[in-house]
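*Asks:* Have a look at this one before I ask anything.
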Amino acid sequence: MSSDSVKVAVRVRPFNQREKNANSKLVISMRGNATTITNPQNGETKTFAFDHSYWSHDGFKENETGVYIKEKESYADQRQVYNDLGQGVLDNAWQGYNAALFAYGQTGSGKSYSMVGYGPNKGIVPITCDELFKAIDKNTDKKKQMQVTFSMLEIYNEQVRDLLTPAKQQQKGGLKVRQHPKSGFYVDGLKSVPVRSYNEIERLMDQGTLSRTTAATNMNATSSRSHMVITIRFKQLYMNELGESTTKTSEVSLVDLAGSERADSTGAEGDRLKEGAAINQSLSTLGNVISALADLAMGKKKVMVPYRDSVLTKLLQSALGGNSRTIMIAALSPAAINYDETLSTLRYADRAKKIQNKAVINESPTERLIRELKEENNKLLAMLKAQGTGVKAVVKTEELERLLQENERQMQEAQLSWEQRLEEARKEWEKSHAQELHPEDLTWQHFPYLRNVNEDPHLSGVVKYALQNKEYVIGKPGNGVSIELHGLGIQPHHAVMCNTGQKVLIRPAVQQAKLLVNGVPLQKERTLTHLDRIMLGSSSLFLYVGFPSERAQHENLEQYDFEFFQTEFAEESGFHTNSLLTPREGHHDPNEDKSAMMMVLHEYMNLLPKIEEAKVMSQEMQKGVSFEPEVKNLAAHDEVGRDMKKEVIVKVTNEKTKQVWVWSKAKFINRKFLIEDMYTKWCNGESIAIDRHHDPFWDPVEDVFLGSCHLWLQSLAYKIETNDQLDIIDHHGREEAMIHIKMLPCDHTGKVLSDDSLVLDPAELIGHPLDFVFVIDHCMGVKWVRGNNLARGVYCGFRFFGQPDLITTKTMWGNSNAKFHFKKHFSIEKVTPEFHDYLQTHAIIIELWGTQVDPDSGSASSRPSSGSLADHTDEDPEVAELRRVLKRQTEECDHLRAAYQKAKKENFKLKQQVERHKNALELQKLDHQETIPHPVNSRVAHLQRDQHGGSHDSINSNSSTGSSHEPPPPKHPSTSLDAEIAKGLKVFFKDVRHVQRGLKNVKELGTTNSSADNGNVKSLFEEQQKALHDIDEQLNAAVSALKVTVTSVIKKKKQQTDPS
Ligand SMILES: Nc1ncnc2c1ncn2[C@@H]1O[C@H](COP(=O)(O)OP(=O)(O)O)[C@@H](O)[C@H]1O
Ligand SMILES: [Mg+2]
């Protein structure tokens, strides 16, 4: 008996295309057996030592047969990995040890590449099998017999599926895992196919991969959530020195684990259903088992190893901490974007290397084996007889009978001649796979064909449907269907394809069938061109490969991968690059921007197919909930408007009640797992009835962020009043509503100050009090309450100077013109330098929130900020109804009051207009004298003499359009200075027109490029980005120039009026 630690290797893959496009930073380095990871944010490093650290990131090239070969000494190729790890497994098997090898890492990190390999770059599993048979073939000892059996299974959602059993013969709910008192856990009914050559294993592996690809539910992401376990049993029968017939057995388990990634746990923590989501029971239990075993190895006492908590750990019990020599290969992504995941993989691997196993050679005389089995059998039979009749006894009897069966199977296996078993297996293969799609079917070489594309590159190109000269109906298995698909959103008859001999045609079979060719929905028949991309439903993707005459010699079909399809789909369905732009571009590092853009683009693309799937699952299960991706612009919530970060969020709509929720990406991913589980159940015909508190489609109603605007505080620093109408912009950059806001400097009693209180240098404020009244008057044209929907309301919220509480207006229900008449007096006792800076650089963000009534409880949705606001969610429906009535009444009153105010104002305005008209005429006269055209619409700055005859001039700055508060024009304009200002304004307006043209061009960039090819979204971004950057600079320059003019005029004026 020997005690061995689990051997651990890590391997880092090359950058993929997307990472190259994004100019990803490399965060992994290796020296000898040590691997170092660098935190891209702060440069901190962490180093881990392993048995092997494999550098497969660069330093290689592809030879003419497609094999990656070393260019630099540092590069570790497939052969090297096999020599270090696979060879050891094989040696162990010969000696009669059990062995296990598993690959751990996030999806796309290279697990399958190391384990199984791609094309000519064969991985550990095929090389090991190949070498095993090479060694067997070398055996010349006639008395020695060697037997190999092969099995392949998948664990998905705690269900075991035999990948070598044809789909039609598979048991619903999967195979059961049972425990045998002597041999431990086993899968009841799993096929273990005797094989005599490597070719046969290869054929079985192809069959298993095909079975994985066409798995019943056919969601693209299934493979990343499932574990694949291949078991090779190697038995050697020979005479030992005593002349006894001896059996030496070894079981080799090769495990390609599910992707280790999780929904970002910080984000999903807020989810009501976070606890309910055992996203991958087997994977999390594996982590717990490894931790417990590591603790045991470190000398900790009384540690419970939770093998029984999951299917995977039951099956791997002996590989982990038992009778096995075990190797773990941890696959690493090199890119900065995956830093967190990669670090967690390294930590996992670090823990695993502490585990100690006790491997023994499984060798015993064959007769003894049979004798023991017989004895065991007799014991079982005796126990069976002794069983009573109670309920407990019946269960026990069933279990005993099963054990008996298993024993008998083992005995039969031991006694049946190997040749007989092989012959049986051959017959069965022919019988069960007669009507199945054969991986070795080569008709596609002579005809146009469809080639499947899966999210997992390992499952792409596995299914090929040759299109011979006839018509094909594609659809759900059933009547008249020639190409059967199980995918999401597939109609019973979905599409019809026809090969006329000269060309191949495709059309949707029914109107509601979702059929896209090259990202464009297809309504009528069209001819396919070689390498067209076809999407059926939401997850069945195919590449059309044309007639042999159309194909080029070395075509790289792999480039049309899942990502290619999704990018194309996103582009064609109008992925708004505009929505990724920031409302106000500050000064920033353009490089930082680019990576932020790529990041969000990547997230968006990643989420899009998942959202599509969730949508269809909801449709099929008639949940009536739809999902839509959105990009959240953090600048919309950033008081300095410079946060360039964007987040992808998911808008969820109940189609019946029209309620809306906004889910974070993490929450969506969490829910998607639960939805998938529910869908799997539904597909298996199980009940999906669930109380709504556990329903992943349901949430209590909540308020929805509609949009925001920035009200810059700078004018307050000059004690200039603001009276503006601003656009409320949603996350897509679209206008949600228009808001009328005022910010009026006042005295401590709240009396609004006149213009002479203006300060020329904001620094003068320091040390003095500052008071102002903040008014949110009304919002116009709110889209959320379109059609004056009575079940919806709006309110505004904002924060001031870092105060934690959101200050909110009252909620206005059922009116798209919401009259808040909100007024608040802010009183700052003493302006500090800090506050002075705050005024100069910050804005108040006014957020518009939508609120909605929950039809079930009748109460309103809850406001997102806790604390100051009452939460009405648990209110009695009757009270809620009364409250709504009261609200409407109050509103009616408001309405009347407002109408009265309006009439009063109008009257006043008319008076003003008359006066203004008079003054304008006067001004025109003066302009003619100066021969400088007076700028039209000069709403940026008015210079005016103080009306009260004081000694100061004041500036009134209105930075936005449509200001209703126009100051009276100057009575005694100082002509030469006015001319100077006018000149400055003229230049400014010229610049602004220039900027406007620029902006128009940017807008057009997005629309004229609709025919963009794949990958153009990115270049479009960059173009827009650059254009916006330029515009920003132009604007800044224009504003500074104007500022200089205005300041100089003010100074001069001051000198004129103040002769001292
Ligand atoms: N060592 C490597 N050398 C070259 N390409 C690799 C390597 N490891 C992974 N890849 C590529 O990266 C992609 C994802 O790898 P894969 O093994 O499918 O990841 P996983 O199984 O972990 O999801 C595949 O296209 C694969 O060819
Ligand atoms: Mg894989």
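In case you wondered, yes, glycine gets a Cβ from its N, Cα and C as well.
Predicted, not measured: the structure shown is a model, and the values here were computed from it.
I grabbed these lines from TrEMBL:
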- 5-355: domain 'Kinesin motor' (DOMAIN)
- Gly105, Gln106, Thr107, Gly108, Ser109, Gly110, Lys111, Ser112: ATP binding site (BINDING)
- 393-428: coiled coil (COILED)
- 855-878: region 'Disordered' (REGION)
- 879-931: coiled coil (COILED)
- 943-977: region 'Disordered' (REGION)
*Asks:* Enumerate the residues of the same chain, Gly105, Gln106, Thr107, Gly108, Ser109, Gly110, Lys111, Ser112 excluded, that satisfy the criterion Cβ within 8 A of the mean position of the Cβ atoms of the recorded ATP site; list them in sequence order.
*Replies:* Arg13, Ala103, Tyr113, Gly259, Ala331, Ser333
*Asks:* Tell me the Cβ contacts of Gly108 (ATP binding site) under 8 Å, same chain only and six or more apart in sequence, or just say none.
*Replies:* Asn16, Gly259, Ser333
*Asks:* Within 10 Å of each Cβ, count the other Cβ atoms, then let me know which of the binding-site residues Gly105, Gly110 comes out lowest.
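*Replies:* Across Gly105, Gly110, these binding-site residues, the one with fewest Cβ atoms within 10 Å is Gly110.
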*Asks:* What three-state class does DSSP give Gly110 (ATP binding site)?
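*Replies:* Reduced to three states, the DSSP call for Gly110 (ATP binding site) is coil.
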*Asks:* Within the set Gly105, Gln106, Lys111, which binding-site residues show a CB-to-ligand 1 distance under 6 A?
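*Replies:* Checked binding-site residues vs ligand 1; flagged Gly105, Lys111.
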*Asks:* Give the subset of the binding-site residues Gln106, Thr107, Gly110 lying near ligand 2, defined as CB under 6 A from any of its atoms.
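*Replies:* If the test is a Cβ under 6 Å from any atom of ligand 2, the answer is none.
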*Asks:* Which residue, of the binding-site residues Thr107, Ser109, has its CB surrounded by the fewest other CB atoms within 10 A?
*Replies:* Thr107
*Asks:* Let's check the environment of Ser112 (ATP binding site): how many other CB atoms sit within 10 Å of its CB?
*Replies:* 24
*Asks:* Within 10 Å of the Cβ of Lys111 (ATP binding site), how many other Cβ atoms can you find? Include all protein chains, please.
*Replies:* 29
*Asks:* Which residues does Gln106 (ATP binding site) neighbour through Cβ under 8 Å, counting only same-chain ones at least six apart?
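*Replies:* Within the chain, Gln106 (ATP binding site) has Cβ neighbours under 8 Å at Gly259, Ser260, Glu261, Ala331, Ser333, Asn338, Glu341, Thr342, Thr345.
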